[in-house]
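Enquirer: Can you read through this structure? Questions will come right after.
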Amino acid sequence: MEVEKTTELVFSILPTLALGLPILGAAAAAFAGERRARLRNWLVVASSGLTLLVAILMLARVFSSGTVYFNLDIMRIGDRFVGNLEVDALGAFFAFFAAVVWFAASLHAFKYMDHEQKRTRFFFFMLLTEAATLGVFMVQDFFTLYLFFEAMGLMAYVLVVHSETAKARAAATKYIVMTIIGGLSLLAGIFLYLGYSGTIGFVPPVESVWLTGSFKVVALVCLIAGFGVKAGMVPLHVWLPDAHPAAPSPASALLSGVMIKVGAYGILRTVLTFFQQPPLHEAEGHVVETASHAAEGAAHGAAQGVAHGASSLATNVQTLGLIIIGFAVLTMFVGMILALVQRDIKRTLAYSSVSQMGYILFGVGCLGFLGAEGGMGMGGSLYHIMNHAFFKGCFFLAAGAIVFCAHELDMFKLGGLWRRMPITTIFWSISALGIMGIVFFNGFVSKTLLHHAILESHVLAESGHLASAGWIKAAEIIFIITSGGTIAYITKMTYYTFFRRPREEDAGHIEHVKEAPLWMLAGMGILAAGVLFNGLFPGLLLGKLIAPTVETVHGLDPELVEHMANTHIFIWANIKEIMVPLAIGISIFILGAWPDLFGLKRRGPDIFAMRLPRWLGVDYWYVRVARASLALPFMGHRAYEPVKDQVVKGMKAGAGGTVQLVRDVIYPSLTSKPLGWVRENSLQLYGDARSRLMPRLREYQGDIAVGALVIAVSLTMFLIMKLL
Amino acid sequence: MPGKSSFSVIPLIAILLPWISLVVILAVPKGSRRVRLWVCFLGSLATLGVVLSLLPGILDGNSYTIKLASVVEGLEMRLTVDTLGYYFGLVLSFLWMLATLYSISYIDHKENRFFAFMAMCESFLLGAAFASNMFTYFIFYELMTFGSYPLIIHEETAMARRAGYKYLVYAISAGTVLFFAIVAHYFWSGGDLSFQELGTLSLASASRGILMTIFFTYLAGFGVKAAIMPLHGWVPDAHPAAPSPASALLSGVILKAGAFGIIRVVFFVFGIDLMRQLSLFTVMAVLACITIVVASVFALTQDNLKRRLAYSSIGQVSYIILGLSMLTQDGALGGMMHLAHHAIMKGCLFLCAGVILVKTGKKKISEMRGIGYQLPITMICFSVCALAMMGTPPSVGFISKWLLGSGALEAGLPVYIVILLVSALLSAAYFLPIIYIAFFRWEGDEVEGGQKPKLVFGKEADHKLIVPVVILAVLTVVVGIWVTVPGFPYSLVTKIVNVIF
């Protein structure tokens, strides 16, 4: 195995440019302000365009000369922790498509933002978020990653809350709460990772104690939950369907197209970090293979004994992969069901994003499960990430165009838009065919790859007689059903919005709708072109972009990566596979839409209007818990008052008892002469002191009570710690 | 130790310089307000300059000493500028300079009294920072207590008087306890009260019980100023009552004087080894953890901005205590760096609260809707520091939190990380609503589709109010990004940590 591959670093200014250009653009846009609105918009477009250029150059550079770095040298703490930029193939790949979507969104926003207020703020934070997002992709350690990840999460708040309606506020609050909790979970995971591997880099040193200990599990859970919040992984997705529709459309495109991928990227990195360790030793490179090939036979028995640690690692990663597959399947299924029953276009798209994230995580899970043979899973995942960025970005921009032109987002109140907005309809349809996975569109390629990955996982599990074989089969079935559901909700949305004849009461309104302005069409066009390109030239992309990216991962079997790159996409065996989902999807669609399709009166339940009880959703419980925990301090404060009173009463009783003791027992016994004066005056003195001191004491009784309480608690905790 | 100790009058000059302001005020109490107050500011600026002049030497590892008086044989008043003392002195003289500048515009009545006591207090605190032994430290520390009383009651409202009275009760009883601690320390250390890098006490000099008693009396004595939880009662009253520059100093420096005393006791009197042998760190850690969590919860329930900030300070100062209690390099590094970091952040936050109070008269958070549009620069600075307090990178808050977390791992106690994260979550819960109310709400925003106010950067307040706020907010980020620049906390604190470990 080539160990040197990551060690060769090439200095390059490009990463800083990718970081600096959006920041400069943001500053310039803010400076231009509302008074020079046109100049400002041009600046935004120019800076995101230049950033795209830099991202493309960076991608070329990384592929030609390996990992590039730039010594940013920030947040340096001694020699151990330092924030630096370092881009490998995976990072460059992500940065590339992020920059594409950002450019398209800024073109779209040029015109779209005309009907919004506070435009300068929006553009300022949009560009800053771009810098932060690109930053996440351009680092090789968790320390710097956390910096950009947090910055991105916090700045996107401004994009979500932008319209400042009650709805947007509520969505944004939910968003920020989940972001902060996710961020802290991530930080906890990073700390634990640091503690048990001794490094913050994505590739820990071999001699780490990382392989053992239950803290590893905690660290993993923290890391994946932290990234999972961003990725919209069920059950951490609750912010997403509120926040994405609440934001202005270009921002929704960014949130759905790019920012949730940051979460997927993080999970991918986490899996790779775990997965990449052993190959650092020459000998152990084979060990991983041994471990994952172990299923095939007991020929390597001797090697296995030596490689016990690595083999347990492989098992762990396999379990991790299986768990991720589980969450992925849950995510894709739940997202699909909820997308099916929405009325609002943007909300449907948001749930669709949740569901599609399931596909991406599915590939990551397969990568973990397959270990060294996971090239197919990672390839499918990466392909789908790019695809989803393009079609979901295009969808949201088109939704923006619809709301801009028709002032309506309820698909049942729209209809017949294809006459009014023909070009938008074309772009929308391209994206729709893409997400449905129709042949010659991009979704077909990635779903085929993902399906191959799950088949390979199934083969591995079968041949090893693993208990998970049945589960993987179940996952495959859900995968197919979800693909069917995706086809159903996309067809439904497309049909109602664009092709159905509008209802009588809406027809007058729709009459006056005009085609979207050129700026918006340009934004959509770029992304739709991406959808087409990805669909038509899979061989080129797989060979030139995806395979080189996957190859940089240590420990993946190069032959299988090669195999992945040379997968024949447009063959009958694959095309056959989409027939089942297509049939399912069309049946569901017809089942729901038949009254409108055939102009009949509805009889029986309307499956597009299904509503599940609120308590079935996790959101309901999260909100309850959040409200309760926010109320706790106040309740505590209230409950604490009577306790304080009791403590004060107790202390008073104690003091009173002491006084009584002195007055009734000790004082009478003071009979000797020298104490006569004391005896005569002390009662008087006591009375004086009491009248002077008591008001003061009363003032401090609260503090004294707090003191007593805290001392008591501390002592108890101290005792507990001692006893333990 | 590579550096050398040499005689120098500079510490004495630094301590005496603030008295110039006093002389000027006493000499021309009715002179031009402008001249009087600017002279005061120049006095504090000159003090900072003098302190800064020692920086190169200190970075080389030297120390400077001067004897003031000899009380009895072996017990003397002596100033020694070692790295730790210098570090604290630099922080306090810097914050003092900014607070003085701010006060010129902020204080509108009885400014002579306020500035005179400000200067006096700075002098005493510098004396405490540069103190070479516990005796000298105690003297200056107590003087500073009395010097800061007039700052707290400056407004002379009933509330301020009550808060001042409370402060005195707490501080004087703490002083008494401290006095006993020093007597015991003096007796059992054989008359050696000096600060040594590896501690002066050991199990050879006294029994376990006695050493623990000395430690706890010290902890109780300094704990009042450091606002460790059962002893924190004066803080939430004194901060809202005092004028904003004084609250910034209270929170930024005076609370730290207590923490500084604990640092001295832990590392320079007891020493790491003895601390480990006596396992005293557990008590400190438990107290600090309780303080951090409980103070944050209390902060959440406050509606008065300065009261909320005061509770936040109580929690944050305990970060320092927590860092010390870890007895690891990173823990000590994080804790001691937090001394400066918190002074920067909280100083800025209190000064912002002052600008809000002066410009709008609002004290309650619930009344501050849309205040970000009225005072954009102030509230942007406030937001930066509030985010830093939550530990968002790149900021000083993140650096402290990271080092404390790393220290907890070194100590093998990841449970502290949970405390840090809970505290960060709670601080998000009490800081973010302020930012939200300031920037995303405005008067009359309940009505859908209303015209939103515009952000206008202009003359929101006097430059003398804004400049210190901006300087501190910029430092919050700059020190958080370029951590290792010589003269920034890291460069000094690593030196201390290298010596004591």
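Every residue gets a Cβ built from N, Cα and C, even glycine.
The following feature annotations were taken from TrEMBL:
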- B:131-426: domain 'NADH:quinone oxidoreductase/Mrp antiporter transmembrane' (DOMAIN)
- B:6-28: transmembrane segment (TRANSMEM)
- B:35-59: transmembrane segment (TRANSMEM)
- B:84-102: transmembrane segment (TRANSMEM)
- B:114-131: transmembrane segment (TRANSMEM)
- B:137-155: transmembrane segment (TRANSMEM)
- B:167-188: transmembrane segment (TRANSMEM)
- B:208-228: transmembrane segment (TRANSMEM)
- B:249-272: transmembrane segment (TRANSMEM)
- B:278-300: transmembrane segment (TRANSMEM)
- B:309-327: transmembrane segment (TRANSMEM)
- B:370-391: transmembrane segment (TRANSMEM)
- B:411-432: transmembrane segment (TRANSMEM)
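Structural setting of the listed features?
Expert: Residues 3, 10, 13-14, 17-18, 20-21, 24-25, 28, 81, 83, 86, 89-90, 93-94, 96-97, 100-101, 103-104, 111-112, 115, 118-119, 122, 126, 486-487, 491-492, 495 of the same chain, all 6+ positions outside the transmembrane segment (B:35-59), place their C-beta atoms under 8 angstroms from a C-beta of that stretch.
If you look at the transmembrane segment (B:114-131), the same-chain residues 6 or more away from its ends with a CB under 8 A from one of its CBs are 11, 14-22, 25-26, 36-37, 40, 43-44, 47, 51, 78-81, 85-86, 88-89, 92-93, 96, 99-100, 103, 107, 137, 139-141, 143-144, 147-148, 150-151, 154, 195, 243, 246, 249, 253-254, 257, 260.
Packing against the transmembrane segment (B:249-272) from elsewhere in the chain are residues 84, 88, 91-92, 95-96, 99, 118, 121, 125, 128-129, 134, 137, 141, 144, 148, 151-152, 185, 195-202, 211, 215, 218-219, 221-227, 235, 238-239, 242, 278, 280, 284, 309-310, 313, 317, 320-321, 324, 327, 332, 335-336, 339, 342-344, 346-347, 350, 496, 500-501: each is 6 or more residues past its ends and has a CB under 8 Å from a CB in it.
Counting only same-chain residues 6+ beyond the ends of the transmembrane segment (B:278-300), those with a CB under 8 A from a CB of the stretch are 208, 211-212, 215-216, 219, 223, 227-229, 232, 236, 266, 270, 308-309, 311-312, 314-315, 318-319, 321-322, 324-327, 416, 419, 422-423, 426-427, 429-430.
Here the transmembrane segment (B:411-432) has Cβ contacts under 8 Å with residues 285, 289, 292-293, 296-297, 299-300, 302, 308, 312, 315, 319, 322, 326-328, 331, 386-387, 389-391, 401, 404-405 of the same chain, all six or more residues outside its ends.
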Enquirer: Would you mind listing the long-range same-chain contacts of the transmembrane segment (B:137-155), meaning Cβ under 8 Å and 6+ residues beyond its ends?
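Expert: For the transmembrane segment (B:137-155), the far contacts come to 77, 107, 110, 113-114, 117-118, 120-121, 124-125, 127-128, 131, 161, 163-164, 167-168, 171-172, 175, 178-179, 182, 225, 238, 241-243, 246, 249-250, 254, 257, 261, 264.
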Enquirer: Under 8 Å between C-beta atoms and at least six residues away from its ends: which parts of the chain pack against the transmembrane segment (B:167-188)?
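Expert: Hits for the transmembrane segment (B:167-188): 75, 134-135, 138, 141-142, 145, 148-149, 152, 201, 205-206, 210-211, 213-214, 217-218, 220-225, 231, 233-234, 237-238, 269.
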Enquirer: Sort out the residues at least 6 away from either end of the transmembrane segment (B:84-102), same chain, that have Cβ-Cβ distances under 8 Å to it, and list them.
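Expert: Long-range Cβ neighbours of the transmembrane segment (B:84-102): 14, 40-41, 44-45, 47-48, 51-52, 54-55, 58, 115, 118, 122, 125-126, 129-131, 244-246, 248-249, 252-253, 256, 260, 263-264, 267-268, 336, 339-340, 343-344, 347, 351, 354, 464-465, 467-469, 471-472, 487, 489, 492-493, 496.
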